[in-house]
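Residues or ranges marked as substrate binding site in TrEMBL: Phe34, Ile35, Val36, Val37, His38, Tyr101, Arg105, Thr315. The heme binding site annotation in TrEMBL covers His301.
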Amino acid sequence: MRNYWDYIKVEELLSLQGGFDNDESKLSNDEVVFIVVHQVYELWFKLILRELETARDLFRQNPVPDMKLASAATSLRRVVALFEQAVPHFRVMETLTTRDYLDFRDRLIPASGFQSAQMREIEILLGLDDNLRIPLGREGSYMAALRSSDGSASTALARVEQRRESGPSLKSVLYEWLARTPIDGPATPESADRFAKAFIAGHEKEIENRIRLAKQNALTADDIARLEERYRNEIKFAERFLRAEDEEGLDEEARAFRRRVRAAIVFLESYRELPRLAWPREVIDLVIAVEQQMIIWRQRHARMVERVIGRRTGTGGSAGVDYLDQTALRYRIFNDLWAVRTILLRKPSVPLIEHEDEYRFRVED
Ligand code: HEM
Ligand SMILES: N[C@@H](CC(=O)c1ccccc1NC=O)C(=O)O
């Protein structure tokens, strides 16, 4: 049939708020709010996953078809919009007072947001490194937490396992695409290194100028020394970053790959007004926007949690707010995209490039 209810499945949807006992009539308004807000989040997560998968699949191609970059941008823009919608929903949860929540909280143990399979899928699909994960404060990994309390497998575990096996992360395909960027010449390590070298020189010159200005305005000798050290560290950071010397344990091939990725990001950001670079640069800017929203989500969740349950132990057994705040601070996926912000130059200090014409297009052609 083709009625609204046949399509939107209204009755089915409204029958899903009965909690563990599938009996909504026994639940307080507070508990139904608790359930519905979670369900709404899971639906937003579902849409976010679909868009991230679409974007990942586009970048998986080699070469990535130019014509598809706008579609990738559309998907990423939608992910940002979805998070922007979802984050303020925590406000509704905050209408639950501490004591109202305590009325049913103990019945939830050991269930926890830890067990949201779709949140884990989002992290995995984006490319969060497992080594960064903060211990939950219980035995086993985040995967173990997806098992039922008797240790048996669950639909959540199956979903996350399937995601882990279902192909590369957005981060890995995006970085491979960036490494193939022609940087002022052919897409070779030599072009990338030449550009990086010129950029480092431009950067040093700009920072030296900033040191001069800071010295003129500092009041005491100690302040001058402190500022100078700070600025000199910026020079060192830029060098180590562009030479990929900051990470230990990489073999030479991995380091060279890293250098190309980083040079490509700096190049795209520095010459974003060249027509052929405009879309790639738009895409990386949207990736930053997605990660920024994720961090804001974690922060907002933590502040809501602090308001409702303070700093007590979570039903999942973690340190609660302390754990959540750590995730907001430490879970970073696209570190290189963020790091480039620190070293970009004013337009007049950006090195001149030789092959500017290759990045233009002419409508007349
Ligand atoms: C009153 C409402 C809520 C409280 C008090 C609360 C509390 C907590 C706490 C304490 C944790 C840490 C794990 C633990 O030890 O249990 C946690 C994790 C989590 N919560 Fe909530 N939460 C609430 C609502 C929500 C909502 C509405 C969502 C939306 C889906 C959500 C999603 C998550 C997720 C995904 C995690 C895992 C975070 C991670 O491991 O990075 N929570 N929550
Ligand atoms: N970890 C929460 C409980 C909790 O939030 C929760 C429990 C069951 C189903 C979903 C939950 N939501 C998100 O963390 C707490 O410690 O109160």
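From the backbone N, Cα and C atoms, a Cβ is placed for every residue, glycine too.
Could you give the neighbours, burial and distances for every feature on this list?
In the three-state DSSP reading, His38 (substrate binding site) counts as helix. Around the Cβ of His38 (substrate binding site), 14 further Cβ atoms fall within 10 Å across all displayed protein chains.
Applying an 8 A CB threshold to same-chain residues 6+ apart, the list for His301 (heme binding site) reads Phe90, Gly113, Leu324.
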Out of the binding-site residues I have (Ile35, Val36, Arg105, Thr315), which ones have their Cβ sitting under 6 Å from ligand 1?
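What lies within reach of ligand 1, judged by Cβ under 6 Å, is Thr315.
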Ligand 2 is in the model; which of the binding-site residues Ile35, Tyr101, Arg105, Thr315 have a C-beta less than 6 angstroms from one of its atoms?
Arg105, Thr315
Can you tell me how spread out the substrate site is, meaning the largest CA to CA distance among Phe34, Ile35, Val36, Val37, His38, Tyr101, Arg105, Thr315, in Å?
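Binding-site diameter by Cα atoms for substrate: 19 Å.
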If I restrict to non-local contacts, at least six residues apart, and a C-beta distance under 8 angstroms, what lies near Thr315 (substrate binding site) in its own chain?
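For Thr315 (substrate binding site), the qualifying residues are Arg105, Leu108, Ile109, Pro110, Ala111, Ser112.
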